[in-house]
Amino acid sequence: MKVSLLITLAVLGVMFVWASAAELQERGSDQKDSPAWLKSMERIFQSEERECKKMFGGCTVHSDCCAHLGCKPTLKYCAWDGTFGK
């Protein structure tokens, strides 16, 4: 029983490697271009990211403040919104 299970797992492993190699060969140069494309996308997303305002930091809307903080409408600063958790 253990031997047949081991043989089955080995065959499945070989089939997985074979299918992966065939797919990699089919893609060709796409695989070579991917890292450069990912690097360019990384730069785009980093430029859009911005830090959140911490407690008592200046803000204009709630989304400026970090998690569990909200923008107070009168003095425009980030303060605890009364929530807990993640």
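Just so you know, glycine gets a Cβ as well, placed from its N, Cα and C.
The feature signal peptide is assigned by Swiss-Prot to 1-21.
As annotated by Swiss-Prot, disulfide bond applies to C52-C66 (among others). Of all the Cβ atoms in the protein chains shown, 12 others lie within 10 Å of the Cβ of C66 (disulfide bond).
The disulfide bond annotation in Swiss-Prot covers C59-C71 (among others). C71 (disulfide bond) falls within a strand segment according to DSSP. Of all Cβ atoms in the shown protein chains, 20 besides its own fall within 10 Å of the Cβ of C71 (disulfide bond).
Annotation source Swiss-Prot lists disulfide bond at C65-C78 (among others), citing similarity to another entry. Within the same chain, residues at least six positions away from C78 (disulfide bond) with a Cβ under 8 Å of its Cβ are K53, K54, M55, F56, G57, G58, C59, D64, C65, C66, L69, G70, C71, K72.
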Item to complete: Any same-chain residues 6+ apart from C52 (disulfide bond) with CB under 8 Å of its CB? Would you list them in sequence order, or say none?
Response: D64, C65, C66, A67, L69
Worksheet item: When neighbour density is defined as the number of other C-beta atoms within 10 angstroms of a residue's C-beta, which of the disulfide-bonded residues C59, C65 has the lowest density?
Response: C59
